[in-house]
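Notes follow the structure.
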């Protein structure tokens, strides 16, 4: 796997990730989240049609159900879910973080009870890598401890240094396997800890680097200051992945600072709650004002949903709890995110990213009438 930066506008990077099989992902890119080997409600063909180039799978959930062995028997996650474009799998670290009240964390790994059937599970860096090898995703992640917010300096330091030790164990377990292992920078909101983490991971010479431990409750300005502090220490010739950060404005600010890859459940989860993203801000479809509104969600949008259906119809589907409503909303929200990344790539190519960002914020403030 190679990363090629084709042009920059300030710190914003327009590049591409070239995989060993010849597949190419244009960056900056948003990765829809397919937690259970599916992006909820959509077929792989629908994902492809709306422009998704790479998706994310969840190691934690797939390990527990159906199990890595079943997916491996299909030939891997691509064949299991019939998605032929690249897949990135996370390590399970964030899900372990979310089980804070019922898990025990040690140097060896994380011990917890399965939220599915209650059986005890022991997840180590080596086990996470083995599961991801069985899933056979294109990009795999080291197991890390997602540092909570708030955390004291000492708590963040101890957590970050254990994640570094786990990164070394992950690399050793990975060996020369064909998948591409990314390291995860931790350190809370402490700039010196983030820099220490990044510099130590760079010594491992991994194919890519993720910024983890953000979008866990910290203020927006603290998140952006953390990115400003750490990104100069992350190699320019490798892809940079900001994990779990997903509001549209967060994507713009991440790209502005040199991030190449994003993922978040927000567009698909919000779609199922009739909370829709548009060029002019949020549209809350459950509002009664949309009962008789004949316009599409966004008159500037070319997605399948906006080209065919009215706000009134989608409002009706939501009121009736019809599955089609959630599906059409998800198509729109994911198209919005994918198209936003396309617009940012073009703005970087044309060296007008700052103008794009100003227009983005101005339009978002207009609101939907």
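Cβ from N, Cα, C; glycine included.
Together with 301, 303, 306, Swiss-Prot lists one candidate of 332, 342, 351 for binding Zn(2+), that being 332. Here Swiss-Prot has 90, 91, 92, 93, 94, 144, 186 binding substrate, and the candidate from 41, 51, 213, 217 in that same listed site is 213. Residues 301, 303, 306, 332 make up the record's Zn(2+) site, and a Cβ search at 8 Å around their centroid adds 296, 297, 298, 302, 304, 305, 307, 331, 335, 336 from the same chain. For residue 92 (substrate binding site), the spatially nearest entry among the recorded positions 263, 306, 332 is 263, judged by CA separation. Between residue 91 (substrate binding site) and residue 306 (Zn(2+) binding site), the C-alpha separation comes to 36 Å.
Between the CA atoms of residue 263 (active site, nucleophile) and residue 213 (substrate binding site) there is a gap of 13 Å, rounded to the nearest whole number. Looking just at the region 'RNA binding' (244-250), the mean pLDDT is 96.
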